[in-house]
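Asks: Pasting the feature list from Swiss-Prot:
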MOD_RES   K50  N6-succinyllysine
BINDING   Q99, D192, S193, H194, R474, R479, R607, S670, R671  substrate binding site
MOD_RES   K144  N6-acetyllysine
BINDING   C385, C448, C451  [4Fe-4S] cluster binding site
MOD_RES   K523  N6-acetyllysine
MOD_RES   K523  N6-succinyllysine
COMPBIAS  524-537  compositional bias 'Basic and acidic residues'
COMPBIAS  551-561  compositional bias 'Polar residues'
MOD_RES   K591  N6-succinyllysine
MOD_RES   K689  N6-succinyllysine
MOD_RES   K723  N6-acetyllysine
MOD_RES   K723  N6-succinyllysine
MOD_RES   K730  N6-succinyllysine
MOD_RES   K736  N6-acetyllysine
MOD_RES   K739  N6-acetyllysine
MOD_RES   K743  N6-acetyllysine
Amino acid sequence: MAPYSLLVTRLQKALGVRQYHVASVLCQRAKVAMSHFEPHEYIRYDLLEKNIDIVRKRLNRPLTLSEKIVYGHLDDPANQEIERGKTYLRLRPDRVAMQDATAQMAMLQFISSGLPKVAVPSTIHCDHLIEAQLGGEKDLRRAKDINQEVYNFLATAGAKYGVGFWRPGSGIIHQIILENYAYPGVLLIGTDSHTPNGGGLGGICIGVGGADAVDVMAGIPWELKCPKVIGVKLTGSLSGWTSPKDVILKVAGILTVKGGTGAIVEYHGPGVDSISCTGMATICNMGAEIGATTSVFPYNHRMKKYLSKTGRADIANLADEFKDHLVPDPGCHYDQVIEINLSELKPHINGPFTPDLAHPVAEVGSVAEKEGWPLDIRVGLIGSCTNSSYEDMGRSAAVAKQALAHGLKCKSQFTITPGSEQIRATIERDGYAQVLRDVGGIVLANACGPCIGQWDRKDIKKGEKNTIVTSYNRNFTGRNDANPETHAFVTSPEIVTALAIAGTLKFNPETDFLTGKDGKKFKLEAPDADELPRAEFDPGQDTYQHPPKDSSGQRVDVSPTSQRLQLLEPFDKWDGKDLEDLQILIKVKGKCTTDHISAAGPWLKFRGHLDNISNNLLIGAINIENRKANSVRNAVTQEFGPVPDTARYYKQHGIRWVVIGDENYGEGSSREHRALEPRHLGGRAIITKSFARIHETNLKKQGLLPLTFADPADYNKIHPVDKLTIQGLKDFAPGKPLKCIIKHPNGTQETILLNHTFNETQIEWFRAGSALNRMKELQQK
């Protein structure tokens, strides 16, 4: 042992590599399961180490943590071309997670593939289809009744194909992943844009569309454009009213909603140790709002503490042995560096209408007065996948206790969403839930609820101007309640609680006083709460369905008359010709998020039925021609009508069409319906100034052409009444622009260039009609 250990040490020094534990160099001494639910699926730190060593020798430089985990999962580390921001990496993720709104389409596609079982550990989580109305138990019962067909499909499909199934009421996908599946060094993909939440436990967890998930479940290497790495150095320490949420609210204000596009945000520095594991998850979760591929923190004692408290001390011990691979190398290079002194950071609140409009809480009241935003807060809402941990609930309860001690309750309506059944049961046991009820709160079901528009709001009418404050992640127009006049702000749960008690945006809990029931003034003290329960977590009800060992007799039925589920028909292949005389369905003015393209809320019930869900295509996008939403000119009849109706008219009459968009088109959710719908209704291309990462990939997967103006000013050359011809598809090649001929009604023409990011594999998707079609072609060879 000694001579070999010495040899390894000398070799590492010669290569400029940090010295590793002898145990990790030799072998993985003990097999440790990835989760309690999959006892025969093991963590492969030995393979991670081997791949990192291969890549390190090739690159001959220190590696960031992001690079270690990503490159450590390369399909072919010895030969993979690696260049940040340019090359496409072929990766082997460790697992897949899907929420119920996206799992329907993902499983329908997997069924279409003809494969018998998933190739990697996979889970389905029921959290998106539960509407908030009356409170937890009643809303859950109603959801089970309304969504019985969908839940039965997902449960039986999971059983048939080897996918774990978390029943409705189990909690929000990302909290369940953090509690059970995420671990340092994991590469996990999830069909939800807030999958990066797992970065709080040291994993690279990336939001993708369902077609990407199908690739991984089918055992096909997953492609990701080699990400750049943005370093955020944290110094100082959090204290007082400042919370982990304020870190990402500050970063969002710096980088904006697209500043992280194509990059992993990697937090490091001495300030990291002052943040709890669930606090790190909060920061990583909301990294989706800056367009980041994902975010990650280095493994530390806070993660070890969380792993141990959630029954995974064996994983923590193994991570300790391999810790050198779970932190960045000294001297590693970041493409951009931001430094934040946590000791100087103030509580923030971002909004309205965009998550990157950052304000210190101390200033938002005066800004609101100046801008004409409603000062009175109608509703305060805490929870969501971003902020529903035990610590979040504890800090909010600490604020509420102070108000109750002075005889006060919330002036605003107040709702609480526990992140999981485990969190719900534990805060009930420890008294937090009752304190939050006593101050005026309603505890909702363990689900997404109002955060994704599942909110049957009764206190206002549509079009009524009002303000809400949430601890959620997104505040796009109409996202939470479908009211475009709701001014939504995002902040930490404790600030939401304080503002709900005060009832106004003008209240600053750091400096302002409240008046108690006895008429005496008092100031709220900064909340203090345990990051983890002192006793063990209470798991609550058992909500997990294991896939059976033998599923040969399992049936998965989809009724041909169902309004909720629809088996998929393959999209048509490319006909080998250029796209001639495309009609412009809509030229979008300004921001066009995934909520504008295909809203959630009441439309979630159609996520498994492509034709029905297509009836909401682009109904939120603003038409530049008339400055209206869901009103576009039919080029044949010359009448204005809803976008989906016009698209269906074009499809019925054999008219192919295109969408023209602005900057960061498709920011927001990972749901691939935003790509499936335009493809289903006859769309062929989306041309914009720039795309959000996930949406661009989703469009490619479904055989559409996401293209960008070589000169962004060319956006202004195109008018809604023009026709477009896209040339160069016969010689379609990576890095080679396509030509676009703009044909104006007066007979004049202009030619512009359109860029794309297709690689060879993705071009094959286009030619086959979709990535799924291409998968079937390869299976038949």
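Backbone N, Cα and C atoms are what each Cβ position is placed from, and that goes for glycine too.
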Asks: Using a 10 Å radius around its CB, how many other CB atoms surround K144 (N6-acetyllysine)?
Replies: 16
Asks: Do any residues of this chain, six or more beyond the ends of the compositional bias 'Basic and acidic residues' (524-537), have a C-beta under 8 angstroms from a C-beta of it, and if so which?
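Replies: The answer is 179, 239-241, 276-279, 302, 305-306, 309-310, 390-391, 394-399, 402-403, 422, 425-426, 429-430, 494, 498, 501, 509-510, 514.
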Asks: Measure from the Cα of K144 (N6-acetyllysine) to the Cα of every one of the recorded positions K50, Q99, C451, K523, K736, then give the nearest.
Replies: Q99
Asks: For K723 (N6-acetyllysine), write down the residues of its own chain that are at least 6 apart in sequence and whose Cβ falls under 8 Å from its Cβ; none is a fine answer.
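Replies: The list for K723 (N6-acetyllysine) reads D581, L582, Q583, I584, K743, given in order along the sequence.
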Asks: For K50 (N6-succinyllysine), write down the residues of its own chain that are at least 6 apart in sequence and whose Cβ falls under 8 Å from its Cβ; none is a fine answer.
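Replies: In sequence order there is nothing to list, since no residue at least 6 apart has its Cβ under 8 Å from K50 (N6-succinyllysine).
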Asks: What's the CA to CA span in angstrom from K739 (N6-acetyllysine) over to K730 (N6-succinyllysine)?
Replies: 12
Asks: Could you tell me which of these recorded positions, R607, K689, K730, K739, K743, has the fewest other Cβ atoms within 10 Å of its Cβ?
Replies: K730
Asks: Across all the protein chains here, work out how many other Cβ atoms are within 10 Å of the Cβ of R671 (substrate binding site).
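Replies: Cβ-Cβ neighbours of R671 (substrate binding site) within 10 Å number 31.
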Asks: Work out the three-state DSSP category of K730 (N6-succinyllysine).
Replies: helix
Asks: Measuring Cα to Cα across Q99, D192, S193, H194, R474, R479, R607, S670, R671, which the record gives as the substrate binders, how far apart are the two most distant ones in Å?
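Replies: Looking at Q99, D192, S193, H194, R474, R479, R607, S670, R671 as a set, their Cα atoms extend up to 20 Å apart.
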Asks: Work through the recorded positions one by one (C448, K523, K591, K736) and name whichever has its CA nearest to the CA of Q99 (substrate binding site).
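Replies: Sorting the recorded positions by distance from Q99 (substrate binding site), the top entry is C448.
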Asks: Using all protein chains in view, find how many other C-beta atoms are within 10 Å of the C-beta of Q99 (substrate binding site).
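Replies: The answer is 31.
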Asks: Among all the protein chains here, how many other CB atoms are within 10 A of the CB of C448 ([4Fe-4S] cluster binding site)?
Replies: 33
Asks: Between C385 ([4Fe-4S] cluster binding site) and S193 (substrate binding site), how far is it from one CA atom to the other, in Å?
Replies: 11
Asks: In sequence order, which same-chain residues at least six apart have a C-beta under 8 angstroms from K591 (N6-succinyllysine)?
Replies: T354, F476, D662, E663, N664, E667
